[in-house]
């Protein structure tokens, strides 16, 4: 009997373990075939060998059907670019297509990283102790489930709704009688302030874990679903004693106010929330203390510009916290 074996064409290209990167130009959609988990490494600069990234160094209209993009289409969509340059353009700026399983795994990985970063940089403002990742995750879930912020009026009963309705009616009546209602203006201002606060709607795979962690921290600090504050940085600042008393201008506290005159030493100490130690070693003054992370950039700029680099700010600990018992 003849063999039941099916012979495959020897020149057939079998695309397995493929990850598509797509780019739309006008009405045309172009695709390139890459190996899984290599595109992000290439974009981050970790992988530089295109042979390890591209399955086939070509541009397709449809990878699954093996339909290569005609030269005429590429010339119209990417004028002045060669086919190889188009491949690189799509690889750098195209949209990565992944399956549901891979997308879910990537989302879970980013979610875990964001929670760990936030848990390591926020503390209870009273006890100065860190929260567990579970508590941080629960607080962020609360923010995302309430449209990005922890609404103070969530779950209000009918009676409270009626009270608010009555209050509005009274305000309207007062306004019609010709008098101004400051409470109404205050309410509008409070609503505007609430809208201006940062929101949290959950993680995505389109941004880095670090940037999303910063967004999450801002939202938690703004809305306080649980009491939180940024963990402080521990710094060592050194400065030659010869320039400590040099006059500098401090940043005005309010717009229109004149900048107050102060000296280098007092200006540096204004950034330090809590001084741990302060000493003069030979011709150098040294202070070790705690600084809010948000003030570190301004302190660094002051040290580099006002002292012309003669003073130094050294980070001893990025986030000083106390572990829970």
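Using the three backbone atoms N, Cα and C, a Cβ is placed for every residue, glycine included.
According to TrEMBL, the protein carries these features:
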type: DOMAIN; residues: 17-103; note: domain 'Ribosome maturation protein SDO1/SBDS N-terminal'
type: DOMAIN; residues: 112-231; note: domain 'Ribosome maturation protein SDO1/SBDS central'
type: REGION; residues: 143-189; note: region 'Disordered'
type: COMPBIAS; residues: 159-169; note: compositional bias 'Basic and acidic residues'
type: COMPBIAS; residues: 170-180; note: compositional bias 'Polar residues'
type: DOMAIN; residues: 233-318; note: domain 'Ribosome maturation protein SDO1/SBDS C-terminal'
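Across the domain 'Ribosome maturation protein SDO1/SBDS N-terminal' (17-103), DSSP helix (H, G, I), strand (E, B) and coil residues number 31 helix, 25 strand, 31 coil.
The predicted model assigns the domain 'Ribosome maturation protein SDO1/SBDS N-terminal' (17-103) a mean pLDDT of 88. Helix, strand and coil residue tallies for the domain 'Ribosome maturation protein SDO1/SBDS C-terminal' (233-318), in that order: 25 helix, 37 strand, 24 coil [DSSP].
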